[in-house]
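S.K.: So TrEMBL says this about it:
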DOMAIN    65-326  domain 'Glycosyl hydrolase family 59 catalytic'
ACT_SITE  175  active site, proton donor/acceptor
ACT_SITE  251  active site, nucleophile
DOMAIN    334-449  domain 'Glycosyl hydrolase family 59 central'
DOMAIN    486-660  domain 'Glycosyl hydrolase family 59 C-terminal lectin'
């Protein structure tokens, strides 16, 4: 191996020496010195005394792709449970007890796309919410342990049967209580189905009480393969280490994807291992593909929140990820010789055991690397020279490729730039880096790194001011209509087999009971759409109440909240009910009543609702006739359009049309 490295290195060296180009414009780049020892720290990288823990990968809650950009090793997906899970609801594969459909939502598509780009990507599934029937009228998934384990098992089996996807890891209940007996039942259920290879990760919350529970229960210790903690602040606890299990930061980051977010990621990717022995870090989330004014807007590694324009931004956290992901693989091992730099920052080193070595050095400052959580105690990073000494099997490495990132001011900013390689033959395996604040270096024997290129994205455009959808899709690729973002309930394409006319294809709210919730879901169902800046608009939609007497539907404008805050949404809501009444409210909950009265409305009949909001006044029409006019609405000033139902009930919507003038 060493001879091959040496030969390849010499060939590259000859090419480099004969190429005049490439040296210009590097004056602002850092100083890389070989064998020139200067005052400062000296750090030995050595495998003579064995290796550290096995590296399990870097991932995201949704993402993947090799040697291009982020090159993630792990894709973690939500097992849709019909409930609100931060920025919207994801549909379950089993809305009801006897219902199974493995083509709902986008996660199946996403996993297949990830596998196309990286066949070795590790797949994880984790429930946030669960369909209501599992709780038997309790907001609790552990009422019937066998039933919930069966539900999760069917998702794993369905992934394989319908999509040829092998799920590698399965979780318990995101950031909520675990049940020790349920975890054991789940393991037995998986084994009974021949799914021995599927590993269990628990509990996707804090290190405790799961770690202590495992130490007190030998069977629990045996069935859990990985302890996963969320936002651990790069630290673990004694009990977790005593289990001798793999430790993962199974959700982290969640930070605005500017350069501070990139600094946060660069720091935790190194220090989660150095401080906390965590061998995998999974960022929430990969792509910010939801309306920006929802909670945690732009908290993805990249941004793609305008499907109507196709605009996207490859943000700096993508390239920070690449510093680790492009030059390591699951199955590599950390060296024992990792740690903190004398004047701030940190370094890790990993090897494949076949002679390859990757070193990642970060000097993220406190100010420019604060994650959204937890609190980050103050530390100082300052200019320094760091000398590294390669020993053991690495002492004869002839050359290291160098990749560099500098975050901060545009004039000095570089993202994942390849520098001249370091030639180590004459230096006894010693080299020195000059390090400033907010820098990231990868030094590696691997020559496969690439920044990749992609077409210039289409220009950013606001949501169209005139938007129509008649939902006339015979065989939809996705179960949900584009641009609608379900915030409580699930709205799916629906075919009325008995209606050959205008309303054969509709959008239907399909939940008939409240899910086992993860967040504060509303008591009404609602799907939002449009531009949050809209103020003056006209919303028209055909509606069909399916529940006699108690059923109701609404259209709305200026809806000002969504995601985990949906229950408190304000706006202008125009409701009609199957009992022949209407209502105009200033909030989704129906507490602020602007108007109410009687209308000729019943269930199982189509009606056309129109809501007009202009300045400080609003009006509403039923089948083209005004029901109420010029009601004052002073708050909110702007927000999304929306449709929804009074409760968890079946209802249909068709010929949605919005026109906004601002």
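We number each residue from 1, going along the chain as drawn.
Quick reminder: no glycine exception, Cβ is built from N, Cα and C everywhere.
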S.K.: Roughly how many angstrom lie between the C-alpha atoms of the residue listed as 'active site, proton donor/acceptor' and residue 251 (active site, nucleophile)?
M.R.: 10
S.K.: Note the mean pLDDT of the domain 'Glycosyl hydrolase family 59 catalytic' (65-326), expressed as a whole number.
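M.R.: Looking only at the domain 'Glycosyl hydrolase family 59 catalytic' (65-326), pLDDT averages out to 97.
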S.K.: Provide the three-state DSSP residue tally for the domain 'Glycosyl hydrolase family 59 central' (334-449): helix first, then strand, then coil.
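M.R.: Summed over the domain 'Glycosyl hydrolase family 59 central' (334-449), the classes give 6 helix, 53 strand, 57 coil.
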S.K.: Tell me which of the active-site residues 175, 251 sits in the most Cβ-dense spot, judged by other Cβ atoms within 10 Å.
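M.R.: Per the Cβ count, the most surrounded site is 251.
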